[in-house]
Amino acid sequence: WEFNGSFYQPSAFLMMGIPGLEAFHHWISIPFCVLYLTALLGNCMILFIIKKTQSLHEPMYYFLSMLAVTDLGLVLCTLPTTLGIFWFNIRRIGFDVCLTQMYFIHILSFIESSVLLAMAFDRFIAISHPLRYPSILTKTTVIKIGLTIVLRGTVSLLPIPFLLKRLTYCGKTELSHSFCFHPDIMNLACADIKVNVFYGMIALFSTVGMDFICIVLSYILIIKTVISLATKGECLKALNTCVSHICAVLIFFIPMIGLSMIHRFGKNFPPLVNTLVAYIYLIIPPALNPIIYSIKSSHIREALFRALRRKCD
């Protein structure tokens, strides 16, 4: 412990693997390695294909590139500490390192939420105003949207590490996960955390909460537009372009909302439930997103097959 008058701050926290299954961590690491490898290779493949295929240089795939970069960031943030616990039982993480990891995990989560909103806006414009689509979503506009997304996530969460550093910690230093999460660190303090709770809720609702509401509104408008189309075939064709995005939204927001609710209201939940939801939230979307888009997007699929044929030749 570091002592400064009445102010106490731990030099490090202890991370947790999967409670009750510590003896099986080496075996449990196998599916985690598969998911991490799938996420790394899948998202790198998406970025490579979009970069090398000229026909994919359009707004929809620029936003998909942003999603892939964000997913890679989330994977790289949690991979060292998670596999460090499963393989080597390295549970100790320095206080400042923990705050840094927490900051980037939350920033990337907020950025992913905003990218999903941008992708919903892209689908709305493409379906509702197809003729004006190229003039509305120009390359310059997409770049501006990307910069705004990064700036919004970075600035909205900037106070969080400083709010945690001002707290006095005592007694328990064991985290609930193999990574650092804001509510988890905050609950280890023995000081008044009302400011942290209040700011955390404001940041969450003003970013992720608003993104989710806007995504739902976008799809209400998309459905209204699709219903007005002349034939059933046109309706299905228009909706088919949204399937991948809807899947990405669901696999991201459902675990995120569940984890937030558990941390705030689920004190009586078994620790295993909390841990599993956290892993689903941070590992499953980065692993599944490239698979979903590769399966559903014929353009990406065809570009992938062309790249594989060239390598074989």
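Glycine is no exception: its Cβ is also placed from the backbone N, Cα and C atoms.
Now, the feature entries from TrEMBL:
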type	residues	note
TRANSMEM	24-50	transmembrane segment
DOMAIN	42-293	domain 'G-protein coupled receptors family 1 profile'
TRANSMEM	62-90	transmembrane segment
TRANSMEM	102-121	transmembrane segment
TRANSMEM	142-164	transmembrane segment
TRANSMEM	197-222	transmembrane segment
TRANSMEM	243-264	transmembrane segment
TRANSMEM	276-295	transmembrane segment
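The stretch in closest packing with the transmembrane segment (62-90), judged by the count of Cβ pairs under 8 Å and taken from 24-50, 102-121, 142-164, is 24-50.
Simply put, out of 24-50, 142-164, 197-222, 243-264, 142-164 has the most Cβ pairs sitting under 8 Å from the transmembrane segment (102-121).
Over the domain 'G-protein coupled receptors family 1 profile' (42-293) the predicted model carries a mean pLDDT of 90.
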